[in-house]
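Asker: Here it is, the structure, as structure tokens.
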Amino acid sequence: MGCGQKDDKASLASSQIASFSHQSHQPPSTPASKEVWKKGGRMFSILLAVHLALLACTLVSSGAFEKIAVHDYDVFFLLTVMMLIVIVWIIFYLIGTSRCPDAILCKDSHAGPVWLRGGLILFAIFSLVMDVFKIGYYSSFYSCLSAIKIIYPIVQAIFVVVQTYFLWISAKDCIHVHLNVTRCGLMLTLTTNLAVWMSAVTDESVHKAHSKLKKNVTEEIFRWLLKVGMRSSSAEECNCNSQICQIFKNGYFWLYPFNIEYSLFASAMVYVMWKNVGRFIDHHSHHIPRLKFRLFRRTFFVGIVLGLIILASGLGVLVLYEVQVNSSTESSKKSQALTMYYIFNIVCLGLMSLVCIGGSVIYRLDKRDMDRHKNPTRTLDVALLMGAALGQYAISYYSIVAIVASTPRDTISALNLTYALLMIAQHTFQNIFIIEGLHRQPPKEDHKRDSHQKDLYGLTFVNVNAVSLRVPYSDSTLTPSPAPGTEAIHPSDLVRSLTVPKKMNWRRKLLREISMFLLLSNIILWIMPAFGARPQFDNDTELNFYGDSMWPAIVDICLPFGIFYRMHAVASLLEVYIMS
């Protein structure tokens, strides 16, 4: 496909591109000519993504049950083919589409911020380590397995490297050539990431179900259950007796949460790129100031210290929980671990809720304007925060119903009920705080007034009343005309500039403290369920109320959304911190 080929209505797009080149790549002035949305191309790419997602979801879900004649290597074959197609398209985009003349006329400054791309690289590194462990694990008994089991992690590692590089350099692109092909390629990439995410979540859930079952039954009964009705992976039927094999097996299951988060992060960034295909941006109205990330400047360290205390305490609770619940069969130790877990979370969630309420009050006192410009990245952030919170809302409401309707009510049930209620409140207040922060204008550096304020701020003692008397008031006959190229300063603004900055600094400092505390707290609340601290499986109240099949299914479906919510909240809070 040649670089000069465009979508339908090519003459209109060509005329716009020509105007860009004559005006030093400045966008047209009228809103109607800024963006040429190709509804047909968008609809086709959406339909392609929906059909592929349904196919992948059907295979992944069917592969989780033994009685359905779909095996895990069938799922791996589909995912391998999808990843190979995406790799080919990304290479075509990098060496073909993006290098065409006038291919990228503008970039979306909001898309792909450096902290989001940095998080993507971090998760990509752990995903690569997981693929290495998978290759080592499956290579331990390659003669017993299908070849696709070894090919899949190799292709996935290549896919992670190529996609990470692609998103790092192209996340801000607003492409204007090969529009339909680019839209379909991006939607295929998004669908592939979601399919890999679904496969990882299913594989992890099946593994945890098998691990819990192994603790309660003997090896012979466990193998009999696998044959009767439970799904096992092909590797379960092979012998993994060597120590190195066990290390590879346990290692890649521990690294699954990072691969899950990588897929979701990549999906969000790819979606923003898809929204920006064919988009024209007016840089005058879309400009955002360059904000430098200064972690240890303009802060009291209170939020960082409290957040680090919560983080360290949570890691200690996680270790004790793993030892006493997942590695011990004594009911007393299990009860102590659950009590400790609930108390820690109740304290953490209570503090976070209060801090979010305080942050919202500070926003009411803040005089910064709301940012009402079109921003696909911010729109996606808000949608993901609200949508991902539904998973934890669902688990909490199911727990509340089970606890209230069950008898008897013991200490664990009371703590569980408090935990569920605080989880709902904390998600709600935190969403309000984050969304308000994302919609605030960043603090403006008033360079225009620096020359007028320099002399005033340089004085050791300043009499505000004297200054106000020396400056003429708003009478046009008395007020001298400003010099060309400068802005007239009202006397009241000049006097206010001596007192207002301190108040504004206090507000912004408090907002930064709140954001850092919430960021560190969300990190530990992501780590705990991602690495095994899941009281939803270990508390018998919900299990007895809903049954052995319904409740695990509810948790397996909803909990990944709650885990993703925490990581997305971390990224959003980092943006709020920098914008404060």
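Residue 1 is the first one shown; counting continues down the chain.
Even glycines carry a Cβ here, placed using N, Cα and C.
Residues annotated as transmembrane segment in TrEMBL: 43-63, 75-95, 115-138, 150-169, 253-274, 295-321, 341-363, 383-405, 510-531, 551-578.
Tell me what's around each of these sites.
Answerer: Within the chain carrying the transmembrane segment (43-63), a Cβ under 8 angstroms from the stretch's Cβ atoms is held by residues 70-72, 74-75, 78-79, 82, 180, 183-184, 186-188, 190-191, 194-195, 198-199, 202, 231, 274, all 6 or more beyond its ends.
Away from its own ends, the transmembrane segment (253-274) comes close to residues 45, 108, 111-112, 116-117, 119-120, 123-124, 126-127, 129-130, 133, 160, 163-164, 167, 170-171, 173, 183, 186-187, 189-190, 193-194, 196-197, 200-201, 203-204, 207, 376-377, 380, 384, 530-531, 560, 563-564, 567-568 of its chain (Cβ-Cβ under 8 Å, at least six residues beyond either end).
Taking Cβ pairs closer than 8 Å, the transmembrane segment (383-405) reaches residues 268, 413, 416-417, 420-421, 423-424, 427, 431, 434-435, 536, 541-542, 545-546, 551, 554-555, 557-562, 564-565, 568-569, 572 in its own chain, all 6 or more past its ends.
Cβ atoms under 8 Å from those of the transmembrane segment (551-578) belong to residues 113, 115-116, 119, 197, 201, 205, 209, 257, 260-261, 264-265, 268, 291, 293, 381, 384-385, 387-392, 394-395, 398, 427, 430, 433-434, 437-438, 511-512, 515-516, 518-519, 522-523, 525-526, 529-530, 534, 536-537, 542-543, 545 of the same chain, restricted to positions at least 6 beyond its ends.
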Asker: Other than its close neighbours in sequence, what residues sit by the transmembrane segment (510-531), given a CB gap under 8 Å and a spacing of at least six beyond its ends?
Answerer: 254, 257, 298-300, 302-304, 306-308, 310-311, 314-315, 317-318, 321-322, 341, 345, 348, 351-352, 355-356, 358-359, 362-363, 366, 430, 433, 437, 559, 562-563, 566-567, 569-570, 573-574, 576-577, 580
